[in-house]
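Here's the structure, in structure tokens; my notes come after.
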Amino acid sequence: MNFNHFDESGNAVMVDVSHKQPTLRTAVAAARVGMSPELLAAIREGGMAKGDVLGVARLAGIMAAKKTPDLIPLSHPLAIHSVAVDYELDSGAGTIQVRCTVRALERTGVEMEAMTGASLAALTIYDMCKGSDKSITIGDIRLLYKEGGKSGVYRREEGQ
């Protein structure tokens with residue numbers, strides 16, 4: 001396996017992407033937040049003491065995607081063109097599926113920005129609800145889709 005974030009001496013380095021041509025890059029990442037059905041109903045109905053949980057989490061996810069190079073040491077600062085955070089609420093399972101989509105015309109992919117956005121949106125849901133339910137879980141953080149660059153399209157298969 002080739003790890004391109006290390007030089008021949010084993011030192012961590014930022015990958016040089018200056019020779020690459022910018023292409024449209026898209027990445028979609030997700031995270032799952034688990035909670036009691038009662039808490040999910042309160043979030044859905046806007047009944048949380050701290051306010052609009054999903055609205056605040058959406059803003060946190062957008063901000064996090066834009067701040068990725070400040071959080072992940074070897075990621076490149078990118079001119080992100082679009083970040084969207086959306087949700088699927090499953091009352092039966094007591095889960096919120098957070099999805100973050102990032103687009104940019106860049107020389108490197110936006111997977112880490114999408115993963116960071118989904119993760120921080122999920123953490124914000126936890127933060128705003130922890131007073132009501134300490135058993136909230138966050139997990140299943142994963143890349144769902146990416147396109148752009150020479151590696152082409154990646155789409156996670158169901159159950160993968």
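Placed from the backbone N, Cα and C atoms, the Cβ positions cover glycine too.
Since this is a predicted model, take the numbers as computed values, not measurements.
Taken from Swiss-Prot, the feature active site covers Asp127. Secondary structure from DSSP puts Asp127 (active site) in a helix. The number of other Cβ atoms within 10 Å of the Cβ belonging to Asp127 (active site), over all protein chains shown, comes to 16.
Around Leu74 (substrate binding site), a 10 Å sphere centred on its CB holds 13 further CB atoms from the protein chains shown. Annotation comment: Swiss-Prot describes Leu74, Ser75, His76, Met112, Glu113 as substrate binding site, evidence class sequence analysis.
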Rounded Cα distance, in Å, between Met112 (substrate binding site) and Asp127 (active site) is 22
Across every protein chain in view, the count of C-beta atoms other than its own within 10 A of the C-beta of Ser75 (substrate binding site) is 20
Cβ neighbour count within 10 Å, max among the binding-site residues His76, Met112, Glu113, goes to Glu113
